[in-house]
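S.K.: In case it helps, Swiss-Prot gives these features for our protein:
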- 124-185: domain 'CBS 1' (DOMAIN)
- 187-243: domain 'CBS 2' (DOMAIN)
- ASP281, SER282, SER283, GLY331, MET332, GLY333: NAD(+) binding site (BINDING)
- GLY333, GLY335, CYS338, GLU514, GLY515: K(+) binding site (BINDING)
- SER336, ASP371, GLY372, GLY373, GLY394, ASN395, TYR418, ARG419, GLY420, MET421, GLY422, GLN455: IMP binding site (BINDING)
- CYS338: active site, thioimidate intermediate (ACT_SITE)
- ARG443: active site, proton acceptor (ACT_SITE)
Amino acid sequence: MGEDSYLCLSEEIKKKLEEYSEKDGYDLDSLICSRRHGGLTYNDIIILPGYIDFEVNSVSLESHITKKIVLKTPFMSSPMDTVTESDMAINLALLGGIGVIHHNCTIEEQTEMVRKVKKFENGFITSPIVLSLNHRVRDVRRIKEELGFSGIPITDTGQLNGKLLGIVTSRDIQFHNNDESFLSEVMTKDLVTGSEGIRLEEANEILRSCKKGKLPIVDKEGNLTALLSRSDLMKNLHFPLASKLPDSKQLICAAAVGTRPDDRIRLKHLVEAGLDIVVLDSSQGNSIYQINMIKWIKKEFPNLEVIAGNVVTREQAANLISAGADALRVGMGSGSICITQEIMAVGRPQATAVYAVSEFASKFGVPTIADGGIENIGHITKALALGASAVMMGNLLAGTTESPGQYYYRDGQRLKSYRGMGSIDAMEHLSGKNKGDNAASSRYFGEADTIRVAQGVSGSVIDKGSLHVYVPYLRTGLQHSLQDIGVQNLTELRKQVKEKNIRFEFRTVASQLEGNVHGLDSYQKKLWS
């Protein structure tokens, strides 16, 4: 962009261009002007094309989602009970994004979901399941059935830091019919081990060469200190974009909590399970409750990243940034299943909100996450151009194989349920159990209300297939969008927007109709293959 885009021009043509007092279109500051255009949504704006001098596969989508954590794909799934549980969180993290596990469930259920994410891709497993010689084959089968893995080290104490004696894998017991046999009869004793302090890359190389399923890590005395899994090595090869911590190589895990006293207890359990990012889940984040919660978290868990929100104005953002937020969620009433703007008459059009909050937060190095109203790749591109570091999606990811719930058929279409956390259905979830665990009511400050006021609806969405096809489609589409704009990464996108080299246009209703399919008797809109 900028001067580089004039490299192919003759001096005469360049001079003629420079005779114009202004470039085509608007700069972003001029476009997002409430006095001129009112509040704008994503459909109200379009980005003008730039100059291409690079291949699309060279476009990097790396971006901060908090002050410390960087993703290779700036996609997040919303903490909704029909969008994100452990399956979504694991698979989105493998593809370079991150899923935020909802909290419309018991503390135990949410903690177990976090634990599943952290255990999925372990790097060095520092708290492996360990058995002793006194355990039996049935114990290994039970662990396999309950936790989904085998390859269990055997020590003299049956605990970590005991003397390593052997290992029992699924192959050792595959054709062994006596479940009462002691493990000493079936375990493998000829082991390949790594020494304590070995680098992960070196340990992975040993696994490659020895062709074993597990690599026990032992100290000088032969005591077990950690374990490395071959299955994790394969995951590293198959998912190079995976969102992982650089030291442990575990998948990054995020989960939502509220701001009630009980949520402090909930958060302690989540942190013990390995939580990396907490999302404070509220439709209106500018409250004394959230400010106090941020301060408490920063005191109790200084290494935990805090995403606060939701906010739509600079003034709201200022309070949460001052309290110590590491990132902000932006959006109020813009989601497809949200009726806050209609019912409460409070909120803000999403494009204007993302721009206003992102522009202010960037002065303090605080990333923003555009949450709500994302319907397609174009909306993702616009949100990032408006200043967001990532997008949070509910509707766009609901209906995938990895989202919670069962498929059902209606009129020949395969569907999944999708509901807003402000819907009556979500608010009544767990009503027969502990009402204190209902996140939907607390999110809208309504847990003490005798009459529930809905700020969302329940509905259904069409089957979108697996994330492993759908997310690469979104990712590749975003790369093509950035190529059309003429930037190779998101840092350059924000820089060129700030320097007013990337230009925008306001779209009238007629221009929006023109920019969509029109003039056909019928058509089929197939978006990917």
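Note that Cβ sites are derived from N, Cα and C of the backbone, with glycine treated the same way.
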S.K.: Would you mind ranking the binding-site residues GLY333, GLY335, GLY372, GLY515 by how many other Cβ atoms sit within 10 Å of each Cβ and giving me the lowest?
M.R.: GLY515
S.K.: Which one, from the binding-site residues SER282, CYS338, GLY394, GLU514, has the smallest tally of other C-beta atoms lying within 10 Å of its C-beta?
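M.R.: GLU514, out of the binding-site residues SER282, CYS338, GLY394, GLU514, has the fewest neighbouring Cβ atoms within 10 Å.
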S.K.: Is it possible to list how many residues within the domain 'CBS 1' (124-185) are helical, extended or coil according to DSSP?
M.R.: 18 helix, 15 strand, 29 coil
S.K.: Using DSSP, how many residues in the domain 'CBS 2' (187-243) fall into helix, strand and coil?
M.R.: 20 helix, 15 strand, 22 coil
S.K.: Restricting attention to the domain 'CBS 2' (187-243), give the mean pLDDT.
M.R.: 84
S.K.: Hey, what's the widest CA-to-CA gap across ASP281, SER282, SER283, GLY331, MET332, GLY333, the NAD(+) contacts in the record, in Å?
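M.R.: Across ASP281, SER282, SER283, GLY331, MET332, GLY333, the two farthest Cα atoms sit 14 Å apart.
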S.K.: Have a look around ASP281 (NAD(+) binding site) and count the other CB atoms within 10 A of its CB, chains all included.
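M.R.: ASP281 (NAD(+) binding site) is surrounded by 30 other Cβ atoms within 10 Å.
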S.K.: Reduced to three states, what secondary structure does DSSP give TYR418 (IMP binding site)?
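M.R.: Where TYR418 (IMP binding site) sits, the three-state DSSP reduction gives strand.
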S.K.: Given the binding-site residues ASP281, SER282, GLY331, MET332, GLY333, GLY394, which lie within 10 A of GLY515 (K(+) binding site) by CA-CA distance?
M.R.: none
S.K.: Quick one: pull the CA-CA distance for GLY394 (IMP binding site) versus MET332 (NAD(+) binding site), whole Å only.
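M.R.: Here the two Cα atoms are 14 Å apart.
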S.K.: Which entry in the list of binding-site residues, SER283, SER336, has its Cβ near the fewest other Cβ atoms, using 10 Å as the limit?
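M.R.: Selected from the binding-site residues SER283, SER336 on minimum Cβ neighbours within 10 Å: SER336.
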S.K.: Could you check which of these binding-site residues, GLY372, TYR418, GLU514, sit within 10 Å of GLY333 (NAD(+) binding site), going Cα to Cα?
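M.R.: So the list is GLY372.
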S.K.: Measure from the Cβ of MET332 (NAD(+) binding site) and count the other Cβ atoms within 10 Å, all protein chains considered.
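M.R.: Around MET332 (NAD(+) binding site), other Cβ atoms within 10 Å: 27.
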